[in-house]
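Notes for the one structure printed next.
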Amino acid sequence: MKRLSIASEILVDPPIIFADEPTSGLDSYLASAVCQTLKDLARNGTTVLCTIHQPSSEIFDIFDTLLLLSMGRCVFLGPKNEAKKFFESTGNPCRENYNPADHYIWETSVLEGKEELSRNKILKIWDSFNASDWKKEVAAGLVESIKSDPMVTDVVDEAKANKANWFVSFYMLLWRALISQYRDKSTAGMKFGQNIGTAIIVGLVYLRIPWNANENPYDKTDVFNINGAIFSAVCSFSFAYLFLVVFSFPRMKVVLRREYYDGLYPLFIAFLTESAAGLPFLFAMPFLFLGIQYCMIGLFPSWSAFWAMYLTCIMIALSATGYGYMISALAPTIEAANAIAPPLMVPLLLFGGFFLQSDSVPPWFIWLKYISWFYYGAENLYVAQWREGGYCMEISNPIQGFLQKFARNGSATCPDGPTSFDDCCGIENSVFVDGSVVLEGFSYKEEYFWRNIGCLTCLAVCFRLVAYFILAFKFRAANR
């Protein structure tokens, strides 16, 4: 059957033949005859590439050029007769009257029980070949033959002329990424369901009647609960969006590696389209999430506060997904990404300002605070909630100085209610405490709102740039 297959190929006089172990299952005579036939074809101008299984010394002597592969690495490529000299130079000489093919296979195989020792020896042989004159001569000859062969140059020029430009590559990859992310309706539905379900659960935990200055003002308990609800929302929001993308690159690395090394498109375009495909979800879900939270928790009823929170939530989502892409680029497998994501998130969570005041962060951890989107995002959400409002605090024997210290504009009047110190916000013996007092408790400042938006934007961009550079390092030419 093997001879029949070879004969069938010979009939069409092919310019090149790939033969995969043509001697397997044949006796020594037939194996020698097949190899001699291939040798005759090579003499007549046909290029023959052949893998061989346990060749005898007679069959091995028929070959002209030898390529040895081990552990996916080229440990030798050159004239067959030069291989013996090369292995002698590496300290692995072939014994006299010994089949060279068996020697090369033995020296470049990972032996059972001696795996580590064998791998180290193979790596040394590989390093020796990379530094050898054989490697330099082969590389120079390959470049020269490619440049001088009109068939090769014509194909290369045609491929360059027909290669898609950046715009076409971006359009096609974006279309594929959108189909990949949103084609499966059940998965897309689960993403929306997870986001909405989380918002409803947090809303039920902190459920209260919407705020009204005269009829149902905030009290100290409401302040504590609302602050907890805001930070809980930031945490659940961040984890949901990080794990939305953390498996992206381990899942697509096989296809990405093959297509990128084949020159189908630049790596940057592939990374950019993967990020862009998730933007519709990142803009839509914060709106639904925040709308549910607003209605159920009773956040400050102001359109300016709502849009400020919505903008902040979008930036938190972009930063969290950027961090997720960075972890995804680092992780070699889905399991590794799932294992390292939580430990890398927790330090940033601790410096968000809820568990530790931002002014109390130890100097040696200060850098973690500045790369934490929890810190910038939580501050903006608290500012949006409290900069226009406040809460009513009951006191006994109210003192004018005390009231002037805490009340808005130096007075104890309610924002829209009575002005009597004895009946502020409809509560006897109460005083209206400005929202700035709540912000001071967390060391948050209202004037930092737009600074924080800028910092969140920088984090979203920088995390993605780091992820891209990690991928570029992994997909460098040396790793091909």
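Quick reminder: no glycine exception, Cβ is built from N, Cα and C everywhere.
No curator has checked TrEMBL annotations; they are predicted automatically.
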*Which range of 192-209, 372-389 is transmembrane segment, per TrEMBL*: 192-209
*Most CB pairs under 8 Å with the transmembrane segment (337-356): which of 192-209, 229-247, 267-292, 448-471?*
229-247
*Tally the residues of the domain 'ABC transporter family G' (53-120) by DSSP class, grouping H, G and I as helix, E and B as strand, and everything else as coil.*
28 helix, 13 strand, 27 coil
